[in-house]
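Heads up: the structure comes next, in structure tokens.
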Amino acid sequence: MAQFIDNIPSMDLMRSEKMTFAQLIIPVESAHRAVSYLGELGLFQFRDLNENKSPFQRTFINQVKRCAEMSRKLRFFKDQISKAGLMSSPHSVLQPDIELEELEYQLAEHEHELIELNSNSEKLRQSYNELLEFKIVLQKAFGFLASNHSHEFSERELEENVYLNDGYFDTASPLEKELKPGSSYQSGLRFISGMICKSKVLRFERMLFRATRGNMLFNQAAADELIEDPVSNEKIEKTVFVVFFSGEQARTKILKICESFGANCYPVPEDISKQRQISGEVSTRLSDLETTLDAGIRHRNKALASVECHLAKWMNMVRREKAVYDTLNMLNFDVTKKCLVGEGWCPVFAKLQIQEALQRATLDSSSQVGIIFHPMDAAESPPTYFRTNRFTSAYQEIVDAYGVARYEEANPAVYTVITFPFLFAVMFGDWGHGICLLLGALVLIARESRLSKERLGSFMEMLFGGRYVLLLMSLFSIYCGLIYNEFFSVPFHIFGKSAYSCRDASCRDAHTAGLVKLRDPYPFGVDPSWRGSRSELAFLNSLKMKMSILLGVAQMNLGIILSYFNAHYFSSSVDIRYQFVPQMIFLNSLFGYLSLLIVIKWCNGSQADLYHVMIYMFLSPTDNLGENQLFRGQRPLQIVLLLLALIAVPWMLFPKPFILKKLHHERFQGRTYGMLTTSEMDLEEEPDSARQHDEEFNFSEVFVHQMIHSIEFVLGAVSNTASYLRLWALSLAHSELSTVFYEKVLVLAWGYDNLVIRLVGLAVFAFATAFILLMMETLSAFLHALRLHWVEFQNKFYHGDGYKFRPFSFASLTEDDD
Amino acid sequence: MYGFEALTFNIHGGYLEAIVRGHRARLLTAADYNNLCQCETLEDIKMHLSATEYGPYLQNEPSPLHTTTIVEKCTLKLVDDYKHMLCQATEPLSTFLEYITYGHMIDNVVLIVTGTLHERDVQELLEKCHPLGMFDSIASLAVAQNMRELYRLVLVDTPLAPYFSDCITSEDLDDMNIEIMRNTLYKAYLEDFYKFCQKLGGATAEIMSDLLAFEADRRAVNITINSIGTELTRDDRKKLYSNFGLLYPYGHEELAVSEDIDQVRAVMEKYPPYQSIFAKLSFGESQMLDKAFNEEEVKRLCLAFDQQFHYAVFFAYMRLREQEVRNLMWISECVAQNQKSRVHDSVVFIF
């Protein structure tokens, strides 16, 4: 047996890759190149040898800082480019590689240029904005002034002496005063005009009102154009205002308030001819500025475009460079300060590749001393590394989500590839729904190359990641659907005619007396005639329940057998003899026997009550079985099985801890004193060595542990088997739910001879199918399948306390790392 | 219902409490401070902070860093946290969170008013204001000439308005007036906050009353020490003390008549919780008093996290972050000015 197992060809996925701990001694001159070659290879996991050093005490911190600075500049460029709306050609112009130093220099130059351009154009833009605002204020304010004019004229007509000086409005600006000497009256009504953000108008007005105690008149009009905000570069709505007031104190107050609200004040002459003149001037200056601005923007865009074609490449380069220096920071200088010492894990198969890469690095950097790569022993257990492809990786993820496999432990992902979609399909058996899922999966797979480059939403990402799981799930649910004979809950006669038919032509007594069997059994799956019959549920329940038990017992047995493979692999005969064997006996003498009974009952069509058999096997094993007897010699067999099960419990409970204790005693008998000193010596000499220091053997702890395990297994055998009945329950729920939607919605709606009702019925049916059956039910079946794997299957053998192999690899650097 | 917060607290406060506890877990630790204190340049500080919550806020700063930039960005992080929490909060937590900022508002008002009195540029002053204490019309504070105007023009719209009832005078503003105004406002604010917390009841009231009482007592001591040797009368001084706290009322009587620091000390040592603070100081010394108070405050704030289902954690978190920003400012200043020997003078370790 053992020999046979040894001869089984090894499977890649069955056990994680063999790893080796290695030390690299790299001459300083070739260190950078060596590490970047390793990064390209992506098969070496460096260990941080400077853990206790803070980041800025490390050797290559200056380079890391430089890289951070460069990536900051690159982010600045990216920001500027996206602001300028230049995000264009993803085509990368092939250009020669440039050195990092040169890149740094170039970046600094570009940044300098860009900042200068920006500040120039900012100044221009500011004056442009001011002029634009001035123009709008001129246009709008004129309206107020004109209307005020007429208003006041009429007022004067009414109250002769209110405003002596109307028609002579003073302007707020001293500049304007110079323009119009003699036309201002110090005590008269004056105004200030300007522009303010629309959102602030209300508060502004209130504040003005308060400050002048209501002695003012506030006019406003929305500007027609959107004006660019100098800070955020966004177009914002602004409002033109004109405030009329009197008095010098009020003027200073209002000006202060304007300033504090960020409102820009512009002088507006009330003389029409002057206004025309000024607005003409403003317009010409505006157009001048516009051309200058445009030229500036074109120039800037050109500069940005020249950066843009390199940007992706540069970003990638800087990111890599930073990763290399981060990795170099994990290395240690040796005593001579001429070499860097690195430690880490690599898979055994990659040794050659790594050595070759290191050699290449030595050659390329024309170093006189080669890089030394030598395997060492390590104290900690190696990382777990599975070589997956895009098909298996999703399944490996399912297993890893529970826990990463211990190093070289049997990997349940191998079986999960098939059992997971299959158990899902048992709960989701409907080939109509299966085809829908299949189409979805095929779409995802067909667009694989395109979708994998895109950034998807979290939900789509998950769906896309599990596309191959989805594919197998849909295929299996088509298969199970064919067995259940359900297509959106409707049975079809695909594989020939039903074996049953009515007793007579009228079929009147089909529901009362039942059908008669005419032909051979329906060749594949459930006979369509069961559908709608009185005993449909009873029949399907019995079928699915028994099937669930069979599947469950089979999968649990597989789990226990895998524990044998584990024990064999780690050559622990104690585990085989005192754990695997009694567990096998216990499970199979109870539930294996139940499965046997189910199969026998199916074969000979007996009427025996299996509940009764199983219950009385415990309660009164010696009683006669009576009509529940399925085969000869059943009673003695049951007694033997029961006894075996009873023996198996102490068998798995007691011997193992005692044997472990004995082994421990034998190993350390009489050596206790000697061991202590040597082990301490060892610790001092080789802190990194892989010496396993045996801890104190604590018998009670081991025994309690074993007791917990045994109890868990014994109780688990019952509860886990019962847990597999969820296969039946969910499948029942699914088929009943889809029957309800089909009969109570679609068929009901079709019964009306009304197009609207039919369409509504169809729509409701389609939505219910898509959202409830295809999405919710898929999720629930997925989760239950997940649970069956994580709990019922994996607790038989899987430790899952390893840690993942995370090699230093450029490929895994993403844009988020910045 | 005291003692039964656990039953209903999580309906509205659970999410935010989780958030705030998460934030607290990311406060800098003693190890971080030790590393920061070893920094040689501001770049090193940035480097170190890049591994903390402040990383994203500092990563886009161009290379010649200034202390102000670091402080500004770190404060921005605090403000972002606060705004996020405020957005999510429902009554009464949102009111509670707003109360936390009133102190900053008072400080900002005083800053602007003093600034304009000394004819400083308003924009420049605005930059110095704490972003948490900003309100809409803060810039127009510069318009006001006296208290009455100040109130009528600007503050009537702000939540500070009710606190102003005690200090509306037509006197022109001067430094002394402003300082008295600040303390009167603070007194009214603390009392109002205290009352509000009492109204909330439960663990919030219990813990917050302790924290606020400490704050009130601390202010009382500071007012006393700062007013020694000024023309402030004893009665006026006593009016500035908040009407709650451990020192109220007998301690206040004694503080009001204290004429030098040792008398203050004698008063305070009668109160066991404050003995430890003064025990650290030598006689006649008031320099280290601030640090001692800060340390005591941080200790109390950390204790607030030991209980669950109350709002004091939000207050405590905001205070702790502010202390952290102050620490960072001090460290950066010391590093920038090559005064590394003094780096430990004012840094208060939080954990």
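Here the Cβ of each residue, glycine as well, is placed from N, Cα and C on the backbone.
According to TrEMBL, the protein has these features:
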type	residues	note
COILED	A:100-127	coiled coil
TRANSMEM	A:422-445	transmembrane segment
TRANSMEM	A:466-484	transmembrane segment
TRANSMEM	A:547-565	transmembrane segment
TRANSMEM	A:585-602	transmembrane segment
TRANSMEM	A:637-654	transmembrane segment
TRANSMEM	A:755-776	transmembrane segment
For the coiled coil (A:100-127), what is the mean per-residue pLDDT, to the nearest integer?
83
In contact by Cβ distance (the transmembrane segment (A:547-565), the transmembrane segment (A:422-445); 3 or more pairs under 8 Å):
yes
Look at every Cβ pair spanning the transmembrane segment (A:547-565) and the transmembrane segment (A:466-484), keep those 6 or more apart in sequence, and say whether at least 3 of them are under 8 Å.
no
Residues sitting near the transmembrane segment (A:466-484): Cβ under 8 Å, six or more positions beyond its termini, same chain?
390-391, 394-395, 398, 417-418, 420-422, 424-426, 428-438, 440-442, 444-445, 448, 494, 524-526, 540, 731, 735, 778, 782
